[in-house]
Structures are given as C-alpha cells and as structure tokens.
Amino acid sequence: MSNSHLGTLCFIISLLGLANFSLSQTGLDDSTMQSLKSSLNLTSDVDWSNPNPCKWQSVQCDGSNRVTKIQLKQKGIRGTLPTNLQSLSELVILELFLNRISGPIPDLSGLSRLQTLNLHDNLFTSVPKNLFSGMSSLQEMYLENNPFDPWVIPDTVKEATSLQNLTLSNCSIIGKIPDFFGSQSLPSLTNLKLSQNGLEGELPMSFAGTSIQSLFLNGQKLNGSISVLGNMTSLVEVSLQGNQFSGPIPDLSGLVSLRVFNVRENQLTGVVPQSLVSLSSLTTVNLTNNYLQGPTPLFGKSVGVDIVNNMNSFCTNVAGEACDPRVDTLVSVAESFGYPVKLAESWKGNNPCVNWVGITCSGGNITVVNMRKQDLSGTISPSLAKLTSLETINLADNKLSGHIPDELTTLSKLRLLDVSNNDFYGIPPKFRDTVTLVTEGNANMGKNGPNKTSDAPGASPGSKPSGGSDGSETSKKSSNVKIIVPVVGGVVGALCLVGLGVCLYAKKRKRPARVQSPSSNMVIHPHHSGDNDDIKLTVAASSLNSGGGSDSYSHSGSAASDIHVVEAGNLVISIQVLRNVTNNFSEENILGRGGFGTVYKGELHDGTKIAVKRMESSVVSDKGLTEFKSEITVLTKMRHRHLVALLGYCLDGNERLLVYEYMPQGTLSQHLFHWKEEGRKPLDWTRRLAIALDVARGVEYLHTLAHQSFIHRDLKPSNILLGDDMRAKVSDFGLVRLAPDGKYSIETRVAGTFGYLAPEYAVTGRVTTKVDIFSLGVILMELITGRKALDETQPEDSVHLVTWFRRVAASKDENAFKNAIDPNISLDDDTVASIEKVWELAGHCCAREPYQRPDMAHIVNVLSSLTVQWKPTETDPDDVYGIDYDMPLPQVLKKWQAFEGLSQTADDSGSSSSAYGSKDNTQTSIPTRPSGFADSFTSVDGR
C-alpha cells in the first residue's frame, strides 16, 4: 500500500473514531435527559419534543453537546427525578424551583462542575446523605420549603469548598448546627439561611471570623449565648427570631456593615450595648419579647425599631431615659451573675423596692439582698457596695466563685454576709466586728484558688452595665485562660515537642481555600473580611483555628518553621517572612525608634503594607521580655474600633517582633504640630472634635467596658493614629498594666511622657484611671490651642501648657480665650460655642485632685453631643431584598412581606505606620511605644 493510501486510511479511521467518541458522549447525556423527560410530567408550555436534548427549551449544552444547564423554574411541573442524574458530569446549573416535583432528591455526588442547585418550593421527600459529596464547584444551593423527612446536615458539606449561598429553610433539618460552617472549611460562605427547622443547641464558635454576611436561623430550638456574633464582622443582616437564646447581646462595634438585627422572641438579658445603638449602618432592629434590662435604647431616626413596650425588662418605656441609680446598680450585680433569666423576669420597672425578687427596702433604701438558693453562678459584683444602706447580703447555697470583694467592707450598716455553700476562694476581706461573715461550705476559702479551669461564667465584676456586655461566654474564656497559662508553663518541655509536631503537620496539611503565593511557601490570609480596606497578611501555610483559636501557648524553636502556633486567634509569623517583607530590616525601612526597639515598614508581595516592631537581643532584657509578653496579652484582648489591633507576632530565639497594620495618615502629632513641614492641611475644628471623641471612646473601653479595667498611662498625640478616613485609634499598649479585679488603680513605676503626667502619678507613682483623664485633658488643650504640652519655644512662664491654660481660664477674659485658640481654626459662632464647652471640659479633666476629674463616660457624652453624627444617605444597590430602607418602616415591612411571602418579620427565602512614633528618640517617654494601627477586627466595643 502506498504512503498516500495509508495516510488517507488513517485520516478516515481518525474521523470515524472522533465521530464515535462524539456520539458516545452525546448518547450518555441523551439517555439521562430522556430519563428525566419520562420522570417529569411536563406542562404544555415546556417543549421537549426535539430528539436532541441540547435543543430542548430551558436546556443548554457546551460545544461537545454535553448538558451544562437545566432551568425549569415555576412551570407547575409534577413527577420525580430519575436516579441517573449524576451522570450529567458537565452540568453547571440545575434549577427546578417553584414546581410540584416529589419523591427523593437523587444522588448527585460527583457532579464536580455543578455550581448552582436550586430545588426550593417543591414536594421532595428526602435528601441523599452524600448530597454534597464531590461537589467542589458548588456555589449556591437552595432547598427551602420542601417537606423532607427529618435529616441532619451531612458532613459532606465540607467538600463543597466553593459554597457561597446555602438556603435550607423549612427543610425539616434536625440536630445541631455543625462546626464546619467556619471559615476553615467553607471560606467563601456568605449567606447561611436555616430558619424554620428543628435545629437545637448553641451557635458554633467556628462562626467567628467567617465571611458570612446574612445569617437567618429563625423559629427553632437554638439556645445559649449569641456572643459569637461579636466576632462575625462581615455580617450585614442577622435574624435569630423565635429561639431560646439567652445571656446578653454582645458588643457589635466590629460589625460596621450590619443593617438588620432581629433577635425578637428569645430570652436575652442584660443591657442593650451602646455599640449596637451607635452603629451607623443599622437600618432595622427588632428586640421585642426578650428580658432585656437597663434603659430602653434610643436609636437614630433612620433606624426602624421594633421594641414593644412591656415586652422586655427595661426600667422605663421611654427610649433614652436613664434608670434609677438603684436599678443601675442591681443590673450591674446581675451582670456578674451572667444576667440570669429568673432575675430579669422579676426585676422590671424603675423601682426595685416593688416586687423585685430578693430585694427588701426600708424608706426607699435597699437594706436586704437575699439570693439564697437561686442557682446563681458567676461572681459577687463590687457594685453591691454602692447600696450603702445594705444590712444583709445572703448569697448562700449557690454556685458562685471568685473572691469576696474588698469593697463590701465599706458598707457601714452591714450586719450579715452569708456566702456559705458556694465555691469562693482566697482570704476573706477584714470586716468590722459588728459584721457576721458566714463562709462555711466553701472548700477553697483561704486558699489561692480552686482546682478548676473556670472562675465564673458571668461577666467580670469590674465591668459596668452601661456600655453593654460581651456575654458570659467571653468571660468564661477569659477566666479559662488565666488558669490554663500556668499549667502550660509547667509542662513547657512537652509542649515544645507538641509544637514541633504541629509545625510539621501544618506543613503537610493542604488548604484548598488558601491562595498559594507564587514566590514562596506563603498564603494570603484575610485579616478582616468585613472591612472596606481589607488588610491581608502574608504568612506561612498553616492550620489556623477560626475565630476563637487556641488560648494556650507553645513555641517551637525550629528556625525552619514558618509559623509556630495560633494564640487567641492571632498569627505567629516566622522571622524569615518578616525579614523578606522588611528588606532584611534595612535602614531605609525604619519608621521610628523607641525604648524597646525599632519599627520597620514592610510590604508584602501583593503590595499590602505593614509595620513590624523589632526588639533585638541587645535591647531585650528580662524586663523587656516581660514587657513584650504583657503587650501581646493586652493587645489580643483589645477589640474596639478605636483601639489598635495586633495582626501577628514572632518569637524566634532572642528576636521579639510585633506586626501591626499600616496607618497611612500617621499620628495626630504630625497633623497638629508638623502639618506645614509635611505639606498637610491644618485640622479644622470638626475633625479635631471627632478625633477627640474617637480617643475618648477607645479609652472608655479600656477603663470600664472591657472584662477588666485597663489603664493606658501614656496618652499623647503621637500615640493617636489616623486612618485614611481620619478616624482615630489609640495605640501604644506596651505600658498598660492590668488593674486588679474590681479595682481601678495600681502602684507601679512611673511610665509616661512629661507634660501629660497627672501630678499624683508623677509624685507618688500611684496610677488610677484618672491619670488617663488628665492626659486626655492635655490633648484637648492641644487640640484647642495648637500648642504642645511642653513647648520650649514659649516664654518661661508659658512652657507648660496646663499651667498656662489654667491661667487663661482663671482670667475669664474673653479676648484672652479667643487669642488662645489655634489661629488655624476658622471661627464662627457655633465653633466658638463648641470650643467653649471643650475648653471647660479640658479644665475639669486636668483638675489637680483626681476625684475632681470626670470619668471617661462623661467625656464621651459631652463630646458626642457636640459631634454631628453621620446618617446614611444612599440605599445600597446590592441590598439582598431590593428594598429601600429609607422608606417608612410600614412600607419596608410590606415590601419585605411581599418578597418573602410571610406575615411576620422577614425570614430567609429565596499614618505613617502602626507601632511607631517620631523618628527621633524620645527620652521623655518611658519607654516610647508604637503609635500606629488600623481598624480592629471583631471589636468588643461599648460605644
């Protein structure tokens, strides 16, 4: 045979082979599609008469005649689905919703290209156990409103790693919400709607740190705390109506995009946190039918509010009206017990002397608090000492723990304190001889502490109810850490081995949700997915916990490890990664120097900028290492929009490094004192006032709204950082000391900056929260005058700003007052009136005696009354309901109901840098600390 004939024969054989392959592929889908056609009772308006399924109505195929889309929606179709649908291996979209199809949903496992499965509003009776198996491309699944037999969400959901929207409302689901909805298993999940099922148990802590924007869990048997919501910073709408959730509403200040908050018909207790009330994004809130306490919250005019009178335990029905001081005190007492429902049910109204369980009064004064055998847990609140007429306190036969507060010894009329048969520990305080103290039945009384891992489930006694609570769960975690850490220290050798094992395991474990860096063994890890200015931190691939993370600490000394461990949800980053991003800590990258190290600018391979604070062996003494660990401990507990957030850290041999977000607008000091040199514009009064309020809110959280009281001790303009939006954030917590439980002062070495130091602190070294008030007063003076706290360029009698300010104020000379105002501030009548109020406030803050200074809450109230609050002016075009929330609430509800087909509330179908100050060495700061950070993630804000 000639070569030409042979070539022709080969060509013909190839064509026949290709034709046979094409026919076999088409035949595969054709058989399945014919089975589908036979199983369904198609209506007359559906034309599936053509022999080629690719030409059927609502069916699409690819270039190889493989079926990719079947979209038969709202056609009134009856029948069942065939069992061989899974052979449509190229299927991308299957939509059969709003029909009358019945029978079981067939096995669809292995459909690796399927992106959308929409079968809602049919008559399906069961779900295959391996429904999600092999569906690695699945992005959307809607099965709501089907009469399924009871079923449990299968573990195979974890295989749908691309899942974004999952709607399974009214689907007969039972059991608990699984943990795998966390960001590690389903990193792209943004909408989770599981309402009207039979779910029970608590919200999984794995929700923390997820990208979930819409969470609907209405009408079930769910219970426990909702504290995890405070760490779901991407939330836009959350609806938990009609469950059995209890405890307080957590701090929600980190949920900057939250629009809809519906917790109607639960058993929530405690004070509505100011962080919810002040959310500028909020449009709809529903709190009716709970046991919420304290004052009725006053939301902005743009917020649609559903708070039916007498359907909670508020002290009055008038929004914004303050409670009787006795009520505030007792609510604070209830907070330390974890806000038990039994107290919230009884403690209603604004007069605790009328039918409040356990409360007895005489002449309007509370004389007896009797909580015997009330099944209380938690601790004794020091706030009890505010009830100065108390004669009897009976807390016997409960499950209380902790110490007996020293403050109770100040009760001059107290005759009996009975804490028998609880779990108190420590040495009881010394009461007067006239007081009978009954402590029997407390096995650990007189000892350092109980042999337990938890102190109290309730909020710590040092916190106050006015700013809201983060719930009992968070306090329990905090307590656990205090006990666990010493244990970890005792077995450090074993933990080193475990840490090494974790590192090796982390290197082997694959994370399909991570995006591999092309340049190194790194991944891009989103720090705050709900933020407009996402900060991405490049770290080595690892097995990171979502949200809560591990609270224990271990460290591998291996230089080869890229990441050591996760502590309290923060990233432990290798020294090599930090060397790479800072150009090996080059001089060109230095942003500033401080007493304990140098701060470098770093840039990740994707362009993200960070600030790295490095303390080398030459400057890290034992004391410095203690400072470093203290700084980590404090920073990891700070969650507030106006406080710094720690991104990560590194411990490697003698290296100690902290990683902060980069703040493009630098420090307040730069804008206030060096704006000309840096080519900036001077701050106008409105901006200065907003910055002052931001700082006050951040420090207020430190003082009274955190689980324990913190004192900053070195407030100054170089420790106040500004973001691109010019919102302020307080930095430099290296000098913070944790105040003792229930107290607000400590005695320690003087650490701060001259000019900002309160006189009693500078002289005696005794520090209280009032030293921060003094420092803030100095900052207010600087904002008004544009002068530094200490200015050597001024005449000798005017070098010290506070002294000069007092002299001007005492003169009561109107011209002297106006001449003292920064000439760069444009003045009109309103501005002058505003400055006068801040001038007066600054003077009170810098009073010589600490007791004459206001607390930070008062400062916030004064400043907030002078600040124009932002109001929403545009409707989000991407609103999931397509509803204009600027319409009147009745119209919104009507449109919402029409969309949902429900008669109730909506358901669910269908700076220069962080961590650095001046480049100059600042000897007056003892020591200088970082001064730049960006927006914090999962805040625990009270304001």
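Any Cβ shown, glycine's included, is placed from N, Cα and C.
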Can you tell which of Asn170, Asn580 Swiss-Prot marks as N-linked glycosylation site?
Asn170
Which one of Asn20, Asn165 gets the tag N-linked glycosylation site in Swiss-Prot?
Asn165
Run through Asn223, Asn824 and tell me the one Swiss-Prot describes as N-linked glycosylation site.
Asn223
Choosing among Cys315, Cys353, which residue does Swiss-Prot name as bonded to Cys323 by a disulfide?
Cys315
Least Cβ-crowded entry, counting other Cβ within 10 Å, from the glycosylation sites listed as Asn41, Asn286:
Asn41
For each of Asn231, Asn365, count the other CB atoms within 10 A of its CB; which of these glycosylation sites has the top count?
Asn231
Counting Cβ atoms within 10 Å across all protein chains shown, which of the glycosylation sites Asn165, Asn170, Asn223 comes out on top?
Asn170
What residues elsewhere in the chain lie close to the repeat 'LRR 1' (64-88), defined as a C-beta under 8 angstroms and at least 6 residues from its ends?
22, 25-26, 28-29, 31-33, 35-36, 38-43, 45-46, 52-54, 58, 94-111, 113, 118
So what's near the repeat 'LRR 12' (387-410) in sequence-distant terms, Cβ-Cβ under 8 Å and 6+ beyond its ends?
326, 329, 337, 362, 365-381, 416-426, 428-432, 438, 441, 450, 452, 454-456, 461, 741-743
List nothing but the one residue from Leu591, Val599 whose Cβ has the fewest other Cβ atoms within 10 Å; the candidates are the binding-site residues.
Leu591
Going by DSSP, how much of the repeat 'LRR 2' (89-111) is helix, how much is strand and how much is coil, in residues?
0 helix, 8 strand, 15 coil
Filter the glycosylation sites Asn41, Asn223, Asn286 down to the ones within 10 angstroms of Val599 (ATP binding site), Cα to Cα, kept in sequence order.
none
Helix, strand or coil for Asn231 (N-linked glycosylation site)? Use DSSP.
helix
Would you mind reading off the Cα separation of Asn165 (N-linked glycosylation site) from Asn231 (N-linked glycosylation site), to the nearest angstrom?
20
With DSSP helix as H/G/I and strand as E/B, how many residues of the repeat 'LRR 12' (387-410) fall in helix, strand and coil?
5 helix, 7 strand, 12 coil
